[in-house]
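Features as listed in TrEMBL:
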| type | residues | note |
| --- | --- | --- |
| ACT_SITE | H300 | active site |
| ACT_SITE | H349 | active site |
| ACT_SITE | D404 | active site |
Amino acid sequence: MASFLSNSVRSLVRKVPNTATAQATRSVTTLQETLMAQVPGKQAELAKLKKEHGSHVIGEVTIDQCIGGARGIKAMLWETSNLDPEEGIRFRGLTIPDCQAVLPTYSGVKGDGEPLLESLLWLLLTSEVPTKEQVDSLTAELHSRAELPAHVIPLLNSLPKDMHPMTQFSIGLNACQTESVFAKAYNDGVPKTDYHEYVLEDILSVIAKLPEIAAIIYRNVYHDGVVNKDTSLDYSGNFCRMLGYDNPSFDELMRLYLCIHTDHEGGNASAHTTHLVGSTLSDPYISYAAGLNALAGPLHGLANQEVLRWIQALKDKFDAEGKAVNEETITEFAWETLNAKKVIPGYGHAVLRKTDPRYTCQREFALKHMPDDELFKVVETIYQVMPGILKEHGKVANPYPNVDSHSGVLLWHYGFTQYQYYTVLFGVSRAVGGLCQLYWDRALGLPLERPKSVTPEWLWSQVKK
Ligand SMILES: CC(=O)SCCNC(=O)CCNC(=O)[C@H](O)C(C)(C)COP(=O)(O)OP(=O)(O)OC[C@H]1O[C@@H](n2cnc3c(N)ncnc32)[C@H](O)[C@@H]1OP(=O)(O)O
Ligand SMILES: O=C([O-])CC(=O)C(=O)O
């Protein structure tokens, strides 16, 4: 890959020498080689579609959609995943159970344990299921790119402990932008046909650096500030050690967690923001930092902390009143929330119309690893009553739980109770989806995103015609 790069940029690339593992696995086809072989064909296919069918109509837009957050408008090309309202997410055509069956795991035996994050990264970028050797070479490559620039650790250490972890995360990633190979290459005037080669460098480096930024924040805010690595492990395993967790079952949970939160087609706020900001040719570091800021909103990724906050408030209220948490008290608390004109966090979705399969696979993990956990039973009871309550409420298009409804309770089981931090874990994972697409955005030469807005007067003029 580095041979494609100009001399001035090459000095920024892969500053960390290849590890022994990377050298040993050099015989496998690398991620970069796989992509370079795919790009010309994908470019030609898209050019043909545009040339021969560019004027084909694929939808219409109503006033409701125009003022209603663009729900359902098909206006974005997304390679890496697709969301069906009934079935849920498919990553390059594979459902979550498909991924669990075919993607390489830590043990090396397919289906034995959860897929490795590196497996999903490879799948999303290339649309191919990697071999274990390819995944191992990617693990080594990510470890070799993980070093943070010297100024970032003191910066993170200087942040107020009461600053929200997502704000710290965004600051940390923005500060790493000094390493952007793409920004330097653009400045040096490389031709636009080469952008994707530099963008790929940045994408892999961002994904590699995020766990340590995240771990420093966690250890600073809640513990002693000390981060210990173990790069003999995979990406998720090493991340768990950096956070301070050393438990094989928690490692598996983190592998599942990091895989299922990666991508949710293009319209969700964090992926869309990354894509939009990237379309201005902002580099992947600051494009994804923008995506993190979108993820930090309570209607999006922050809902995972809000779910735990809601459950704790529920428990506190009924503990104080000497009442049990059961179907009756949950129903009472849900109506209090709804009557106060607040949302039930973890329920509803802009696209899904059934229980989120990411919820289902986390529930299955809980049934396998923690069937008797007290908080899991509360989440199960909420699941029994909430769809009925929301249907009765009558406003919600989807009364079923989304991914955020279940993730916190699993973390809590392992002693990871600092729920204000939960969205940072989501942010480590979402980088993979948003940035894999950003690679294809540049490889396919997608343009600046700039939809047309209209005034209320214009809308009135349309209906009065
Ligand atoms: C990773 C993720 O981002 S998954 C989503 C995480 N977010 C949450 O869990 C927060 C709770 N859920 C919600 O706020 C919503 O369901 C969203 C934001 C996810 C989707 O929003 P929309 O597509 O607008 O949902 P929908 O069409 O069902 O909204 C219709 C009405 O129901 C309300 N509604 C939707 N979900 C809920 C809910 N969980 N609790 C109460 N009211 C709700 C909306 O606020 C809206 O009210 P309004 O007409 O007064 O504005
Ligand atoms: O798809 C959405 O709008 C929200 C969501 O579940 C995600 O981004 O994971």
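From the backbone N, Cα and C atoms, a Cβ is placed for every residue, glycine too.
The model shown is predicted, which means the values in this text are computed figures rather than measured ones.
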Comparing local Cβ density (other Cβ atoms within 10 Å) for the active-site residues H300, H349 points to H349
Quick note, D404 (active site) and H300 (active site): C-alpha atoms separated, nearest Å, by 9
For H349 (active site) and H300 (active site), the CA-to-CA distance in whole Å is 10
Once DSSP output is merged into helix, strand and coil, H300 (active site) belongs to coil
Using a 10 Å radius on the Cβ of D404 (active site), the other Cβ atoms enclosed count 27
